[in-house]
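S.K.: One structure coming up, written as C-alpha cells, with questions to follow.
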Amino acid sequence: MRIITFFLVGLIVHVIFFISIFDIYFTSPLVHGMTPQTMSLAPPASRLVLVVADGLRADSLFTLHSNGSSRAPYLRTIIKESGTWGVSHTRVPTESRPGHVALIAGFYEDVSAVAKGWKENPVEFDSVFNESRHTWCWGSPDILPMFAKGATGDHVYTYTYPAEEEDFASTDASRLDSWVFAQVKSFFQSAKSNSSLRASLHEDKNVFFLHLLGIDTNGHAHRPMSQEYLENIGLVDNGLSEMVSLVEDFFGYDGKTAYVFTSDHGMTNWGSHGAGHPSETLTPLVVWGAGVNSAQTVTEPQPYEDGYLQGAKHMHHADIAPLMASLIGVPIPVNSVGVLPLPYLNNSDLFKAESMYTNAIQVLEQFKMKMAQKKETTLSFLFTPYQLLTESKQAEFIHKARILIQLGKYEDISLCQSLISHSLEGLVYYHTYDRFFLGCSVVLGFVGWTSYVALVILKTHASLNRRPSILKLCMCVTAVITLFLFIQRSPATYYIYCLLPVPVWYSVLKDISLIYSITCKPSTDKYWAHNNLYTVYKVMNSMNLLTLMTRNLCCPQVVSFFYRTMLTVGLAVLSLWPFLSGVFGIAKYRSLSWFFSCLFLALFPLMPVVGRDDICFLSACAGLLTLFTSVCYLWSSQRQTPLLILCQNQQMLHVAMCAYVPSLTHSSLQQKQGLPLFNQIISWATLASSMLVPLVSSTRIFHRLLSILLSLTATYLLLSTGSEALFPPVLSWLMFVWINIEQEAMLAQGLSGRQELSSIDFSANIDIAKIRQLKLDDIRRSYFFVFFIITAFFGTGNIASINSFDPASVYCFLTVFNPFIMGGLMMWKVLYDCSLFIYMYVGNIISHYVIVMSMTIFLMLLSVVTHILTSQRLIMWKRPKSHFS
C-alpha cells in the first residue's frame with residue numbers, strides 16, 4: 001500500500017472511531033409520543049414570574065457582608081419572611097442553553113447539542129412555556145428564540161435587544177438588565193390601555209420570563225469578585241423589587257402570583273463556565289408567592305461547611321420545571337426528568353399527593369415509550385427488559401399508589417418517589433442499551449487496525465507475502481452482520497461501526513501466513529532463509545518492546561490528562577536522555593540546550609491553567625524569545641538571499657508588533673474605552689496571513705520552519721493573557737534542538753544517505769521506497785513524539801475542560817458574544833502548539849515508520865483517554881444523592 005493511501009485510510013478509520021464516541025456516549029435522551037399528564041385539582045397560582053439571573057453564583061447572592069448586611073436586601077427579606085430558598089444543582093455542561101433547557105423543560109440536554117446551534121433546537125422538546133396559556137419573555141436573543149420556536153402555536157411572545165449589545169467591552173453591561181426591567185414596566189403600563197392584552201394577562205396559566213444577562217457579561221469581563229459583578233447583583237435586586245410591586249399592583253394584590261428567582265449556571269473565579277466545579281454548578285433558588293411555603297427556621301445541623309448553605313433546601317436543576325408546572329396547574333413537560341420538590345409547596349396533603357402521582361406517571365410514560373422503542377428494534381430472544389420495572393411491576397406500583405391516595409394515606413407518597421426513581425434508572429438503562437455492543441465493535445476495529453499497522457511494518461522489513469484466500473469468509477460475515485442490523489432496523493451509523501472491523505481484519509488475516517511463519521516454522525525451513533530470519537526476529541523484538549513501552553510508558557501520559565504535573569515529571573526525566581544515551585559525548589552544547597529547554601518547559605504544567613498576569617511584560621518576553629529563536633534558525637541556515645532576509649525581517653517586526661497589541665487592547669478595556677478598531681484589524685489580518693505567508697516562503701528547511709514559527713506565534717501572542725505566551729517559543733526551541741540532536745545521533749550510528757539539515761528542501765522529491773532498517777531508537781522517537789504532542793495540548797491548559805479557557809483570550813479579535821467564533825479561536829490557540837510538530841516530519845530525520853508507530857500510539861491513547869473522559873463525565877452527570885436531604 002502506498003504511504004499516502006495508508007495515511008488516508010488511517011485517517012478515515014480514526015475519524016470513524018472519533019465519531020463513534022458521540023453515538024456511544026452522546027445521543028439525545030428524548031423520546032416522543034407521550035401524552036401530557038394533567039391533575040384535576042385547582043392550582044394555587046394563576047400566573048408565574050420566572051426570573052433567571054444568568055451566571056449568578058449561589059455564594060455571591062447568599063453570602064453576607066462582614067457587617068451582616070446583604071448585597072440583595074429585597075431577596076434577603078423574601079428569604080427571611082415570605083419565601084422558600086435553596087440551592088439548585090445544575091449539571092455539565094454549565095452553559096446558558098443547557099441550563100435554561102433544564103430549568104424550563106426539565107431535562108438535561110445532550111452535550112452534542114452545543115455543536116448543533118445555540119439558537120436553534122437540535123431536537124423538539126416540550127417545556128413549561130409550551131404548556132402555558134400565554135408566555136411573555138424579555139431578554140437575550142441567544143436564549144428566548146429557542147423556546148418560542150419549540151412551542152406549539154403562537155402563544156410565546158419574545159422581546160429581545162440586539163445581539164450587538166452583548167459586548168464584554170461594554171462600559172456598563174448591567175444596562176442589559178435595566179433594559180429588561182424597563183421593557184417589563186412599559187409592557188404592563190401599555191396593558192392598562194389595551195383591553196385585549198389586559199384580558200389575556202388576567203387569564204390563568206400565564207408565565208412571565210425575565211432573562212437577565214448583565215451579571216454573566218460582567219462576570220466574563222471583570223470576574224465574579226469584581227465590583228461590577230457585585231453591583232450588578234444589587235441592580236437586579238432593586239429591579240426585582242420594583243417589578244414585583246408593579247405586577248402585584250396590576251393584578252390588584254390578588255395573591256395569585258408565584259415567583260421563581262434562580263440562575264442557569266454559576267461561574268469560576270476567573271470568569272468562565274462550562275465544567276463541573278461547585279462554583280459553576282451551585283445556583284441560587286428563591287421561590288415565593290402563591291402556593292409556596294414561607295420561611296422556616298432550620299434547627300438541625302446541616303452537613304455543609306459553607307455558611308451560606310446552612311438551612312438551604314437542595315434540589316436538582318430539572319426539578320424546577322415540575323415545581324413551576326404544579327404552581328400554575330399546567331402539565332409537567334413530557335420530557336422532564338425532574339422530581340417535584342414537595343418542601344417548596346404550601347398546599348393540602350391531597351394536592352401534594354396528586355401532584356406527586358402525576359409526576360410519577362409522567363416519568364413512567366417516558367420509560368414505557370423508551371422500552372417500547374428499544375423492544376421494537378431488538379430481536380425478541382435478545383431483548384433483556386429492565387427487571388426492576390417490568391410491565392407487571394408497573395401496574396402494581398400504579399395500583400398501590402392510587403389506592404393509598406383514595407384511602408387518604410398521603411404520608412406514603414414515597415411509593416410515587418420510588419416509581420420515579422426506578423423509571424429514571426430504567427430510562428438510563430434503555431438509553432445505554434446498545435453501548436456495550438457498539439463499544440465492542442469499535443474496540444474490535446481498533447485492535448484490528450493496530451494489528452494491521454504492525455503487519456505493514458513486518459511485511460516491509462521481511463517481505464513475507466503469502467496470502468491465504470479468506471475473501472469468501474469475510475463476505476459471508478459482512479452479509480450476516482448487515483442482515484442482523486437490517487432486521488433490528490438499526491441506524492445507519494451502526495452499519496459503519498459494525499462493518500468496519502471486517503475489512504480491517506481481512507487485511508490482517510490475509511497475511512496470517514506471516515504470523516504463522518514467524519511463530520511456528522522451524523529454523524531449518526528454506527522459507528526462513530529466503531526472508532532473512534535475523535531481520536524478522538529483530539523486527540518482532542522491536543514490536544514486542546513497542547508493546548511493552550506502550551503499556552508501561554503511556555500510563556503516565558494517561559494520568560497527565562487529569563494531573564498536569566505528570567508532564568513536569570516526564571519532561572524532567574527526558575532532560576536526562578542525552579546523558580544516559582551517550583549523545584552528550586558527540587553533541588555537548590546541544591545536549592545541554594536540550595537539558596535546560598526540557599526543564600524550562602517543565603515549569604508550564606505547574607502554572608495555573610488560566611490567569612491574567614502582567615500581559616505587557618510577558619508578551620514582550622515571548623516576543624524577545626521568539627526573535628532569539630529566529631536568529632538561531634537563520635544562523636543555522638545557508639544561502640540567504642536579500643529578498644529572503646527582507647521577508648523574514650518583516651515577519652520578525654510583525655511579531656514584535658503583535659507582542660504589543662494585547663497590552664494595548666487590555667489597557668483600553670480596563671479603561672472601558674472598548675476594543676480599538678485598529679487593534680481588531682491587525683488581529684484579524686494577522687490570523688488570515690498566518691495561514692498564507694508560510695506557503696510563499698523559501699522551501700529550505702530552516703527558512704520554511706522559521707516562517708511557520710513567526711506566522712503562528714504572531715497570532716498566538718494575540719490570544720495570550722498570561723504566562724502561556726512564553727510556551728510556544730520554549731517548545732519551538734526544544735524542537736529545534738531535537739532536530740539537530742537527532743541528526744547528530746543518526747550520523748554517529750553510521751547511517752548512510754543523510755543530508756545536512758541546512759540542505760534539505762521541502763520541494764525536493766523524497767524516495768520513500770528507500771526504507772532503512774527499523775531500529776530501537778525509532779521506538780524511542782515514537783514515544784518522544786507522542787509525549788511532546790500531549791505536552792503541547794496540556795502544557796498550558798486542559799483541553800478536556802471547557803472552563804479552563806479565559807474568554808479574555810479573544811478580546812483582541814472581538815468582544816461581542818459569539819460562541820462559535822470565540823470557541824474556534826480558542827481551539828486554534830490549543831492546536832497551534834501541536835502545529836510546531838511539523839519539525840518531526842522534516843526530511844529523513846525520522847523515518848515514516850516512526851511516524852506510523854507514533855500516530856498509532858497517539859491515536860490509541862487518545863481514543864482510550866477520550867472514553868475515560870466521557871465515562872468520567874457521565875459519572876459527574878449522575879444525580880449526587882449524598883448532597884440532598
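Heads up, residue numbers simply count up from 1 along the chain you see.
Backbone N, Cα and C atoms are what each Cβ position is placed from, and that goes for glycine too.
What TrEMBL says about a protein is an automatic prediction, not a curated fact.
Marked as transmembrane segment by TrEMBL: 7-26, 436-458, 470-488, 494-516, 561-580, 592-610, 617-636, 677-696, 701-719, 782-802, 808-828, 849-869. Sequence annotations record features per position, and here TrEMBL assigns domain 'GPI ethanolamine phosphate transferase 1 C-terminal' to 425-864.
I'd like these features described in context: how deep, what's nearby, how far apart.
M.R.: Proximity of distant same-chain residues to the transmembrane segment (470-488), defined by a Cβ-Cβ separation under 8 Å and at least 6 residues beyond the stretch ends, is recorded for 377-379, 494-495, 498-499, 502-503, 505-506, 509-510, 512.
Beyond the transmembrane segment (561-580), the same-chain residues lying 6 or more positions past its ends with a Cβ under 8 Å from any Cβ of the stretch are 587, 590-591, 594-596, 598-599, 601-603, 605-606, 609, 741, 784, 787, 790-791, 794-795, 798, 800, 865, 868-869.
Only residues 6 or more beyond the boundaries of the transmembrane segment (677-696), in the same chain, are considered here, and those with a CB under 8 A from a CB of the stretch are 651, 654, 657-658, 661, 664-665, 668, 704, 707-708, 711-712, 714-715, 718, 812-814, 828.
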S.K.: Same-chain Cβ contacts of the transmembrane segment (617-636) under 8 Å, 6 or more residues past its ends?
M.R.: 648, 652, 655-656, 658-660, 662-663, 702, 705-706, 709-710, 713, 717, 720, 722-723, 725-726, 728-730, 732-733, 736, 740, 757-758
